[in-house]
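Have a look at the structure below, then the notes.
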Amino acid sequence: MIKKRANREESDGISLVEHADEAGGDYATIQTTPSFETRDGDTSRSWLQVEESSDDQVGLQVEDDEALPSRLQYKWSWLFMPRIPCVSSSNVPPPFFPLDKPIPWIMAIVMGLQHAIAMVGGIVTPALLLSGSNELRLSKEETRYLVSAGLIVSGIASLIQVHQLKVGRTGLVVGTGLISVAGTSFTFLPIARSTAAYMMQEDSPRACTLDSDCFLAWASEEGVSIPGVTNIGQCNTETGRCKFSGQEAYGAFLGTCMVCSLLEVFISIVPQKFLRKLFPQHVAGVCVLLIGVGLTGTGIKYWGGGAFCAEHFAKRKVTLVGVSIPGNVTKDYPSSSPCFPPDGRGPRSAAGACDPLVGALRHVCKYLPPHFDQASNVTRGDRTECETFMDLPGVPPSLPDPRASWVLCSGNGQVKLAYGSKEYVTLGMLVFAILVLTEIFGSPFIRNCQVAFALMVGFSIAGLSSYEQDGRQLRFVNLDGVSSAPPFTFLFSKVFPISIYLPSIFPLLICFVITSVESIGDISASAEASQVETQGPVFERRLQGGLLADGLSSLLACLLTSMPTTTMSQNNGVIAMSRCASRRAGYACGVCLILMGSFSKLAALVLAIPDCVLGGMTTFLFSNIILSGIKLIGAALVDRRTRFVVAIAVGVGVGVAISPAWATNALWVKDPHATQTWQLLRDTTILVISSPYCIGTSIALLLNLLLPRDAKTHNT
C-alpha cells in the first residue's frame, strides 16, 4: 500500500485516485501532487489512499515528495489516444506532475511543444490582420517579419514568466514561476488598427511632388510595395506632403505602447484589493466582451474572402487626383479625368459637374481644374470626385449587371472571386467542421492544439483545392513566397520609425489596465491548474511578478518591433488536460516559440494561408473572447446596479461596433483651420468613442464609480 498526501482533482470530473488494475500497469500510479486548502490562513493537506497493483505488493509509507522516485513514466497512450463517444474507456490519465518536478527533457519538449502549438494561432493572427491591404498596407516581406518577430518575442516573454527573477533587495519579483506563457495580445489590435487608419490619412513632414517621392510606399493588395506604382494618392498634391506610411503608423503605435506600458509596471506594485475595487469583474468583462465583438466581425470579413473586399464590395466615393507637373502647364495639362471622354469636345477649364457616362450613374462626378502653385513652381493636378466601384479605378461603371462591378478578393492565392463566394465560405466552414470533429474524437493532445490543428488541416485542404477559370486551374495556396523566403529571420532585420501618436495614449492606457485585470484572472487560473496556493503571500507574490513581467515584456516587445504581450489564458486548459505543471515544460515552450520564429520559411508558410481559411479560424478564436467576457460579466450580475452598468456600457459598445459611422461621420467634423491642441482633442475623442471597447469600458468605469450603492442588495 502507498500512502501519500495528495489532493483530489475536481477539474474535468477526473479523480486523482488511480488504480493500477485499470491502468494496465503501464506506469507507476504514485500520486505526487500536494493539495492546498486554505482555512483561516493555514495550509492543510488531505490524505489519499493510492493502491499499487503489482505481483509484489510492498507496503510503503511516503511522507514527502523528496522520497518519491526521481522519474515517473508518463502514459503516452492516454495523451495521444482518440476518444470514441458513447464508449466507456478504461484509459486512466497519468499522474500529475507538479511545479518543481524535474521531468525528463524529452517529456518536457513534447509538453512544451503542445503549449507552443496551442498559442501559435493567437500569436500570428494580429500580425496578419494588422499588416493587410486594408490596414497598414505593408509588403509581404514586412508581414513575414512581423509574424516571426511575434513568435520570437512571445517565446522570450514566456521564459521571463516561467523563470521567476528577484529584483535585488526590493522584495519584488519578475514572473510568476508558473507556466504562465505569454503571447501577442488581441486587446491592442483594435487601437493599432485605428491608429493606422487615422495616421495614414494625415500628412507627414516629408515633402513630395509625385507619389514616387514617398519612398515608404503603401503596398498593393498582393503585398508589393513600389513607390509611384502601388501608392497612388499617397502624395497629397494640395499640401505637397506625403501621407504617413504603414511603417510610420506602426512605429508610432509601438512608441506609444512603450510609454503606456509603464502603467502596468506601476499597477504591479499597487495593492490588488485597490485594483479589484477600481476595476471590478463586470467592468473587465464588458471590455473583454466588446473586444471580442469587434474582432469577430473582422473574422467574418476574412472568412468571406478578405477585409478589403468586404468593406469595398459596393460603390463609394473616390477622388482622382492628376499628377503634378513642374512649371505652369494649366492650359495644356494632360488630364486623365473621366470628365474628358475622347469624343472631340476637348479639355474643360471650368469646375463643376460632368457627365462622362450615360445610364444609371449620370451626373456623379465633380471636376476641379488644375492650378499653378507659384511658390513651388508646380502645376497641381486636377481633381475628379466620382461615385465608383473599387475594381474600376478612374471610370465609374454603368453596367446593367452589378456582379460585373464586384471587387475581387486577392488574399486567397491565385483565386480572385467576389466577397462571399461559395468557394471561400466552404473552405472557411471546413475549419469549423474540423474544430467540431476534434472536439468529438480528438485525443487530449489534439484537443489542446485544436485551433492550430484545424488551421493546418484547413490550409492543407485549401492547398489541394483549385478553381477553374477560363480553362486555367488556379490554386488557393501560392507557395512562391515560401521558396523565396530566406532560411532564418533575425530581429531588427526590418525596422520601423518610432514616434508617439498622442490621440492613442488614452485608449492604450485603458488597454494596459484591462490586460492587468485579465492577467490577474489568468495567473489565478494557472495557479489553480498547477495545484499550488491560490491565496496568501506566495500567491500575491506570483500576481505581482506576473503583472510586472507583463509590463516589462510589453515594453521589450515594442522595442523588438512586436506588439505588446500578455498571459495566454488557453494554456491553463493545456496544463489541466495534460496534467503537467512542471516548469521544464514552460521552458521548452519558450524555446519552441523562439525556434519557430527564427525560421523564415515557417513565417512564409503562415503568410500563404488563404484569407478565407484564416477567417474561419479567427471567427472561432474571437468568439471565445466574447464568451470569456460573458463569463466575467455573468459571475458579477448579482444586483440591479451591476446590471444597469453593464446594460448601458454593452449597449453603446455593441452599437458602435455595428455602426461605427455613429461616431466618425458628422459628430465632430474635422476642421483644417483648428489649432493643434483642439485638433488633438478631437482626434483623441473620436478614437475613443469609435472604438467599441474603449467607449464601453469608459462608460462602465465611470458609472461604477458614480452610481450609489444600495444599502441592501436586492436581486431584482
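Note: Cβ is positioned from N, Cα and C throughout, glycine not excepted.
The region 'Disordered' feature in TrEMBL is assigned to 1-42.
Annotation comment: TrEMBL describes 105-131 (among others) as transmembrane segment.
Sequence-distant contacts of the transmembrane segment (143-160) (same chain, at least 6 residues past either end, Cβ-Cβ under 8 Å): 119-120, 123-124, 126-128, 130-132, 174-175, 181-184, 223, 481, 485, 489, 491, 493-494, 549, 552-553, 556-557, 560-563, 565, 586-587, 589-600, 602-604, 606-607. The feature transmembrane segment is assigned by TrEMBL to 143-160 (among others).
According to TrEMBL, the feature transmembrane segment maps to 172-192 (among others).
If one looks beyond the transmembrane segment (249-270) by at least 6 residues along the same chain, the residues whose Cβ comes under 8 Å of a Cβ in the stretch are 130, 136, 138, 172, 188, 191-192, 195-196, 199-200, 496-502, 504-505, 508-509, 511-513, 515-516, 544-545, 547-548, 550-552, 554-555, 558-559, 561, 563-564. Here TrEMBL flags 249-270 (among others) as transmembrane segment.
Here TrEMBL flags 282-303 (among others) as transmembrane segment. Remote same-chain residues near the transmembrane segment (282-303) are listed as 129, 186-187, 189-190, 310-311, 411, 424-425, 428, 510, 514, 517-518, 521, 611-612, 614-616, 618-634, 636-637, 642, 645-646, 649-650, 653-654, 657, 691-693, 696-697, 700-701, 704 (criterion: CB distance under 8 Å, separation of at least six residues from the stretch ends).
Per TrEMBL, transmembrane segment is recorded for 424-442 (among others).
According to TrEMBL, the feature transmembrane segment maps to 487-514 (among others).
Per TrEMBL, the feature transmembrane segment maps to 585-609 (among others).
Marked as transmembrane segment by TrEMBL: 615-637 (among others).
Taken from TrEMBL, the feature transmembrane segment applies to 644-664 (among others).
According to TrEMBL, the feature transmembrane segment maps to 684-707 (among others). Counting same-chain residues at least six beyond the ends of the transmembrane segment (684-707), those with a Cβ under 8 angstroms from any Cβ of the stretch are 190-191, 194-195, 198, 278-280, 282-283, 286-287, 290-291, 293-294, 502-507, 510, 514, 641, 644-646, 648-650, 652-654, 656-657, 660, 663-664, 667-668.
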- Taking contact to mean three or more C-beta pairs under 8 angstroms, with sequence separation of 6 or more, is the transmembrane segment (172-192) in contact with the transmembrane segment (585-609)? yes
- Query: Are there at least 3 C-beta pairs under 8 angstroms linking the transmembrane segment (615-637) and the transmembrane segment (105-131), leaving out pairs fewer than 6 apart in sequence?
  - Reply: yes
- Task: With Cβ distances under 8 Å as the criterion, find the stretch in 487-514, 585-609, 615-637, 644-664 that has the most pairs with the transmembrane segment (424-442).
- Result: 615-637
